[in-house]
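What Swiss-Prot says about this one:
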- 1-31: topological domain 'Extracellular' (TOPO_DOM)
- Asn4: N-linked glycosylation site (CARBOHYD)
- Asn18: N-linked glycosylation site (CARBOHYD)
- Cys21-Cys185: disulfide bond (DISULFID)
- 53-67: topological domain 'Cytoplasmic' (TOPO_DOM)
- 89-111: topological domain 'Extracellular' (TOPO_DOM)
- Cys104-Cys189: disulfide bond (DISULFID)
- 133-146: topological domain 'Cytoplasmic' (TOPO_DOM)
- 168-195: topological domain 'Extracellular' (TOPO_DOM)
- 217-260: topological domain 'Cytoplasmic' (TOPO_DOM)
- 304-344: topological domain 'Cytoplasmic' (TOPO_DOM)
Amino acid sequence: MTSNFSQPALQLCYENTNGSCIKTPYSPGPRVILYMVYGFGAVLAVCGNLLVVISVLHFKQLHSPANFLIASLASADFLVGISVMPFSMVRSIESCWYFGDAFCSLHSCCDVAFCYSSVLHLCFISVDRYIAVTDPLVYPTKFTVSVSGICISISWILPLVYSSAVFYTGISAKGIESLVSALNCVGGCQIVINQDFVLISFLLFFIPTLVMIILYSKIFLVAKQQAVKIETSVSGNRGESSSESHKARVAKRERKAAKTLGVTVVAFMVSWLPYTIDALVDAFMGFITPAYVYEICCWGTYYNSAMNPLIYAFFFPWFKKAIKLILSGEILKGHSSTANLFSE
């Protein structure tokens, strides 16, 4: 690739600085394509998740414990898109870090915190959907706004504490000081943690994922049983009361929400599993993964932050209506917050 450039064969991130990292640039064509692909992901993550947050906060019909969790998840994904992805894009394509050591630590801390915050949010959302579908009568009293607030707080505090410990205490580098020193160069920003913290990171992914798989498996079984009961009830009693009809519609909506969020969980697993496996392999096999494979795995997790709004837009009619009202400027008009987003 260096044959396409007039510079010396060996390029450095900082040509006139001792201890500079070696630069491995892409040729112009792939470079432009990568900037477009990564940039599109960042824009989608920022704009899409911002629309989710605005929708939930503005429209009163969406003010529910479950939707507050979704808005908080979107906030985490929004922060990934605006504070992590643009700088990671430059690092991935230029193979150099040009933003200083202090910001490297902050960027890495935000990267880990916001991404794992998304994981915990999805786990709590699965708990919410499980209660809503399996025990709908007591759901309003079990999963209240205060309970949702506690879940949101945990989803933010734990990842922030963990990532701060990793990047600001030095404890994660204990036992691998020689490796950290060998990889340290001017213009680099590489996350290197010891095996103990790699295992902790794996558990932060594995335990919530296992909880989600178990709960959504139960949700789909119960939802299938409920669908059969409702179909039998409706066919056997054409003259059902409006109250019973309303309950059936609400139950159907809850099941659809559970299925939609189930798709979100599947997308999350597809995005995160390669990176998690790669991190484990590297930690115990001596960083054998090629750089380009590692970058693909990393950007898989980043792109997960951009996928959720697309899933909502595809499956949630209320989100489509909210987007139309926001983009058309209708939300600036009086009483727009009381718009009916669930009308048939």
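For all residues, glycine too, the Cβ spot is worked out from N, Cα and C.
What you see is a predicted model, and the numbers here were worked out from it, not measured in a lab.
Known features from Swiss-Prot, placed on the structure.
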residue	record	DSSP (3 states)
Asn18	N-linked glycosylation site	coil
Cys104	disulfide bond	helix
Cys185	disulfide bond	coil
Next item on the list: Kindly report the helix/strand/coil residue split of the topological domain 'Cytoplasmic' (133-146) according to DSSP, in that order.
Entry: 8 helix, 0 strand, 6 coil
Notebook entry, point to check: Between the disulfide-bonded residues Cys104, Cys185, Cys189, which lies closest to Asn18 (N-linked glycosylation site), Cα to Cα?
Noted result: Cys185
Next item on the list: Take the topological domain 'Extracellular' (168-195) and find every residue of the same chain, 6 or more past its ends, with a Cβ under 8 Å from one of its Cβ atoms.
Entry: 12-14, 17-23, 91, 96-99, 104-105, 107-109, 111-112, 201, 283-284
Checklist line | Distance [Cα-Cα, Å, rounded] between Cys185 (disulfide bond) and Cys104 (disulfide bond) | finding: 13
Item checked: Inter-residue C-alpha distance, Cys189 (disulfide bond) and Cys21 (disulfide bond) (nearest angstrom) -> 10
Check: Cβ under 8 Å to the topological domain 'Cytoplasmic' (53-67), counting only same-chain residues 6 or more beyond its ends: which ones?
Finding: 74-75, 78, 125, 128-129, 132, 143-145, 147-148, 257, 318-319, 322-323, 325-326, 331, 336-342
Note to self: Averaged over the topological domain 'Cytoplasmic' (217-260), what pLDDT does the predicted model reach?
What the structure shows: 66
Note to self: Just to be sure I understand the packing, how many Cβ atoms besides its own are within 10 Å of the Cβ of Cys21 (disulfide bond)?
What the structure shows: 20
Next item on the list: For the topological domain 'Cytoplasmic' (304-344), could you work out the same-chain residues 6 or more beyond its ends whose Cβ comes under 8 Å from its Cβ atoms?
Entry: 41-42, 44-45, 48-49, 51-52, 54-55, 58-62, 70, 73-74, 76-78, 80-81, 85, 115, 118, 253, 256-257, 259-260, 263-264, 267-268, 271-272
